[in-house]
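Asker: Questions regarding the structure given below will be posed in turn.
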Amino acid sequence: MAEPISLLLVDDEPGVRESVQAFLEDSGDFKVDLAANATEAWDYLQHHLPALVISDIMMPQVDGYQFLQKLREDARFQSLPVVFLTARGMTGDRIQGYQTGCDAFLSKPFDPDELEAIVRNLLARQQASSDAGSESAKLQEIYQEIRALKEQIGQPSGIHTTPSPIKLDFTPREQSVLDLVSQGLMNKEIAAQLKTSVRNVEKYVSRLFTKTGTNSRTELVRFALQHGLTE
């Protein structure tokens, strides 16, 4: 079973804290830690990093806007999703919240199901953004590796072209895919150039791996360059 997702709820009303905590934890998907004010919340954040913060706006000493501004000024919390709970539903209040950096507003009294839906949506978006960032970094790394391999061709201490140790018989389409992979293109870009589906490109790349005895795009390009199978 997956670990519950950690959330932080900041509200000076004990009844709100207890009811929201009980509702969100009922699904088993969340663990909700509590803070009665912004100062407690800030102290908590020095030792824990929740996936999302739910905060009241009208609190004593430090209000929700000031708390959020402090979060956004700290590099550790700039991308931390924040949902505001508020009895102040005026447009100006919402604008101030969004300008300060909140991700969603929910006016009191609210339906707990709506709060849960907002929380799940924000967490899903954050995960998608994180995945996209990781994928982008991975693609950039592959591109740099391929570029470095090409620069080694012909260098005294680099890659030297030799005949392939095995007989290879690529179809015209496989050769086209190999050439484009060697340019650093990914499956979606190759599919667009060849006017085919990404699924078909995946099949061709898989066949190229099998025929060349390689297991990754970088290995495939190294093999192809080393044996003069592509430029």
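Glycine is no exception: its Cβ is also placed from the backbone N, Cα and C atoms.
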Asker: Name the residue range among 87-106, 167-186, 187-206 that Swiss-Prot annotates as DNA-binding region.
Answerer: 187-206
Asker: Under the DSSP assignment, what numbers of helix, strand and coil residues are found in the domain 'Response regulatory' (6-123)?
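Answerer: Per-class counts: 55 helix, 25 strand, 38 coil.
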Asker: With DSSP as the yardstick, break the domain 'HTH luxR-type' (163-228) down into helix, strand and coil residue counts.
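Answerer: Within the domain 'HTH luxR-type' (163-228) the tally stands at 44 helix, 0 strand, 22 coil.
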